[in-house]
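Participant: What follows is a structure written as structure tokens; I'll ask about it next.
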Amino acid sequence: MFENENPNGSWLDEYQNDVRYGLKGKKIIEEISNFQKITIFESNRYGKALLLDNCWMTAEYQEKQYHECIVHPALCGSKEINKVLIIGGGDGGSARECLKYQELKNLDLIEIDKRVVELSQQYLSVIGGNCWKDQRLNLKLTNGINWVKDAKDNSYDVIIIDGSDPKGPAKGLFNKDFFKDCHRILKPDGVLGAQTESPESFEDIHINTVKMIKEVFKYADPLYGYVPIYPSGIWSWTFASIKKPRHLYPIISRANTISKTCQVWSPRWQRGGFDAIPANIERKLQQ
């Protein structure tokens, strides 16, 4: 993390693999929770932003590029969406997108760090919107890995893994045993969606995580899009299904309704995102 004071604000930077990514603005608050360092930063370009352990997580004016794209391929592909699980997602953005679906009856949001939720509600309320007041949302401040391990078989129609980078409290979300438990608790006609890092800035992590999911699920495919505040701007999400590749084929009536509420996601965008796999990444996934 590097800050250079000047009259127009400070540069707040994330360092990854000898590359620096930064935004100019001012720090609002920074604290150490029981799990990680949490920073709220008001950027000149993208509004208020959240950082965990010095890594950009989300920002007000570009968060839809992430949250729409981790949620809708899964919820538009699953046969039913009565019961949905989100692991992580303490900023509320993924929950907000899930709760757009009237068919959804129960949304379990499992966040390990209550301060992420509290600070997001206080400073980033535009991201979560009204999700925190929705009676369908069940917020549990506990360990998501243990929650999945203890859940009953075939418990959920959709599982969204909206964790941070594979370090600190989120490290266990990039583990094969964790994905095996997700497979066990996912209904046969359901869909799993997970953030799987950047194929450019974190190629090894991306390759290893996608391969891991492919080893556990019969059908799994990475989808690629852009998130400006993330290293390199290129990001990925991987979607997986059990009986058939439901994540590749959105239910049209559901997708047409939801896409009208979105700034980025649409069935057409989704097709392009799955097709956008870089040739070198595709070859490495086949090795």
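Each residue, glycine too, has its Cβ placed from N, Cα and C.
So Swiss-Prot has the following annotated:
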- 9-242: domain 'PABS' (DOMAIN)
- GLN36, GLU111, ASN143, GLY144, PRO169: S-methyl-5'-thioadenosine binding site (BINDING)
- HIS67, ASP91: spermidine binding site (BINDING)
- ASP162: active site, proton acceptor (ACT_SITE)
Participant: Cβ within 8 Å of the S-methyl-5'-thioadenosine site centroid (GLN36, GLU111, ASN143, GLY144, PRO169 excluded): which residues?
Facilitator: PHE35, GLY88, ILE110, ILE112, ASP113, GLY163, ALA170
Participant: Near HIS67 (spermidine binding site), meaning Cα within 10 Å, which of GLN36, GLU111, ASN143, GLY144, ASP162, PRO169 (recorded positions)?
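Facilitator: Checking Cα-Cα distances against HIS67 (spermidine binding site), the recorded positions within 10 Å turn out to be ASP162.
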Participant: To the nearest Å, how far is the Cα of GLY144 (S-methyl-5'-thioadenosine binding site) from the Cα of the residue listed as 'active site, proton acceptor'?
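Facilitator: If we compare the Cα positions of GLY144 (S-methyl-5'-thioadenosine binding site) and the residue listed as 'active site, proton acceptor', the gap is 11 Å.
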Participant: Helix, strand or coil: which one is PRO169 (S-methyl-5'-thioadenosine binding site) in, per DSSP?
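Facilitator: PRO169 (S-methyl-5'-thioadenosine binding site) sits in a helix per DSSP.
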Participant: Sequence gap of 6 or more, Cβ distance under 8 Å: name the residues on the same chain that satisfy this around ASP91 (spermidine binding site), in order along the sequence.
Facilitator: LEU50, MET57, THR58, GLU63, VAL116, SER120, LEU124, ILE127, GLY128
Participant: Return only the integer: C-alpha distance in Å from ASN143 (S-methyl-5'-thioadenosine binding site) to the residue listed as 'active site, proton acceptor'.
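Facilitator: About 13 Å separate the Cα atoms of these two residues.
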Participant: What does DSSP say about ASP162 (active site, proton acceptor): helix, strand or coil?
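Facilitator: Once the DSSP labels are grouped into three classes, ASP162 (active site, proton acceptor) ends up as strand.
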Participant: From the Cα of ASP162 (active site, proton acceptor) across to the Cα of GLN36 (S-methyl-5'-thioadenosine binding site), what is the distance in angstrom?
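Facilitator: So the alpha carbons of GLN36 (S-methyl-5'-thioadenosine binding site) and ASP162 (active site, proton acceptor) sit roughly 16 Å from each other.
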Participant: C-alpha of GLU111 (S-methyl-5'-thioadenosine binding site) to C-alpha of the residue listed as 'active site, proton acceptor': distance in Å?
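Facilitator: Distance between the two Cα atoms comes out at 10 Å.
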Participant: Determine the minimum-neighbour residue: among GLY144, PRO169, listed as binding-site residues, which Cβ has the fewest other Cβ atoms within 10 angstroms?
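Facilitator: Looking at the binding-site residues GLY144, PRO169, the Cβ with the fewest others within 10 Å is that of PRO169.
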